[in-house]
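Here the structure comes first, spelled out in structure tokens, and everything after it is commentary.
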Amino acid sequence: MKKAKILSGVLLLCFSSPLISQAATLDVRGGYRSGSHAYETRLKVSEGWQNGWWASMESNTWNTIHDNKKENAALNDVQVEVNYAIKLDDQWTVRPGMLTHFSSNGTRYGPYVKLSWDATKDLNFGIRYRYDWKAYRQQDLSGDMSRDNVHRWDGYVTYHINSDFTFAWQTTLYSKQNDYRYANHKKWATENAFVLQYHMTPDITPYIEYDYLDRQGVYNGRDNLSENSYRIGVSFKL
């Protein structure tokens, strides 16, 4: 309930205050995970400023995942992200930032730094390192109460095909710091996301996304299942 109130407050500010949000973006996305047989809905509001600051807030809702099978719909998590762009020259940019994730288990902090390179006016490459630190403890494989902290590396490729279409690829490697395992029975896991955007109007951009999430699917007491994510969404400039 508190997370819902926080999200409502931020959305109200974004929609009602022109001084705070003059060109915000609202992103609505739905998806399905084939291994876990789970449906998701995401609502995200983001804003960038000319002075280099960027911020977003989003909520994620699942129907059956993360031991939440008794409810048809529930607000599983809310996260807030802030970063600042430092232009090194006309092609290179460094973005230090922080992601704060709220869930029923507790709060997770993810400080990161991202380096991006505009190879051409249509082609961009990026790489990011993020450290996910949990402010709460959970039982590890040895039975001890520890923090399930994670090292995360991301790679990005974005290509503007033409005035109508943009293609993006994000590859991710996760590595658990302590005595925990992913659903693939390993301390590490990978993800690959492929997105195709259609710039229907200057203010409306629908898109489709396919993700391969390694063998991280969990369903009916079984894990190590091949996990595919199929998503469709649309972004609106407000």
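Cβ from N, Cα, C; glycine included.
Swiss-Prot lists 1-23 with the feature signal peptide, giving sequence analysis as the kind of evidence.
Taken from Swiss-Prot, the feature transmembrane segment covers 26-32 (among others). Residues of the same chain lying 6 or more positions beyond the ends of the transmembrane segment (26-32) and with a Cβ under 8 Å from any Cβ of it are 38-46, 58, 209, 229-236, 238.
Among residues of the same chain six or more beyond the topological domain 'Extracellular' (33-39), those with a C-beta under 8 A of the stretch's C-beta atoms are 62-65, 213, 215-219, 225-230. Sequence annotations record features per position, and here Swiss-Prot assigns topological domain 'Extracellular' to 33-39 (among others) based on experimental evidence.
According to Swiss-Prot, the feature transmembrane segment maps to 40-49 (among others), an assignment based on experimental evidence.
Residues annotated as transmembrane segment in Swiss-Prot, with experimental evidence given as evidence: 53-61 (among others).
The topological domain 'Extracellular' annotation in Swiss-Prot covers 62-76 (among others), and the record cites experimental evidence as its basis.
The transmembrane segment feature in Swiss-Prot is assigned to 77-86 (among others).
Note on the topological domain 'Periplasmic' (87-91): mean pLDDT across this stretch is 98. The topological domain 'Periplasmic' annotation in Swiss-Prot covers 87-91 (among others) and is backed by experimental evidence.
Tertiary proximity for the transmembrane segment (92-102) is limited to same-chain residues at least six positions away from its ends with a CB under 8 Å from its CB atoms, namely 3, 6, 54, 77-86, 108-118, 130. As annotated by Swiss-Prot, transmembrane segment applies to 92-102 (among others), with the evidence given as experimental evidence.
If you look up Swiss-Prot, you'll see 103-107 (among others) marked as topological domain 'Extracellular', on the strength of experimental evidence.
Beyond the transmembrane segment (108-117), the same-chain residues lying 6 or more positions past its ends with a Cβ under 8 Å from any Cβ of the stretch are 83, 91-101, 124-135, 152, 154, 156. Residues or ranges marked as transmembrane segment in Swiss-Prot (evidence: experimental evidence): 108-117 (among others).
Long-range contacts of the topological domain 'Periplasmic' (118-122) within the same chain: residues 90-93, 159-161, each at least 6 residues beyond the stretch ends and with a Cβ under 8 Å from a Cβ of the stretch. Residues or ranges marked as topological domain 'Periplasmic' by Swiss-Prot: 118-122 (among others).
The feature transmembrane segment is assigned by Swiss-Prot to 123-132 (among others). Residues of the same chain lying 6 or more positions beyond the ends of the transmembrane segment (123-132) and with a Cβ under 8 Å from any Cβ of it are 99, 108-117, 149-160.
If you look up Swiss-Prot, you'll see 133-151 (among others) marked as topological domain 'Extracellular', on the strength of experimental evidence. Residue counts for the topological domain 'Extracellular' (133-151) under DSSP, helix first, then strand, then coil, are 0 helix, 8 strand, 11 coil.
Only residues 6 or more beyond the boundaries of the transmembrane segment (152-159), in the same chain, are considered here, and those with a CB under 8 A from a CB of the stretch are 110, 112, 114, 116, 122-132, 166-175. What Swiss-Prot records for 152-159 (among others) is transmembrane segment.
What Swiss-Prot lists as topological domain 'Periplasmic' is 160-164 (among others), and the listing cites experimental evidence.
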Worksheet item: Per DSSP, how many helix, strand and coil residues does the topological domain 'Periplasmic' (160-164) have?
Response: 0 helix, 1 strand, 4 coil
Practice prompt. Give residue numbers and ranges for long-range contacts of the topological domain 'Periplasmic' (160-164): same chain, 6 or more residues beyond its ends, CB-CB under 8 A.
Written response: 121-123, 198-199
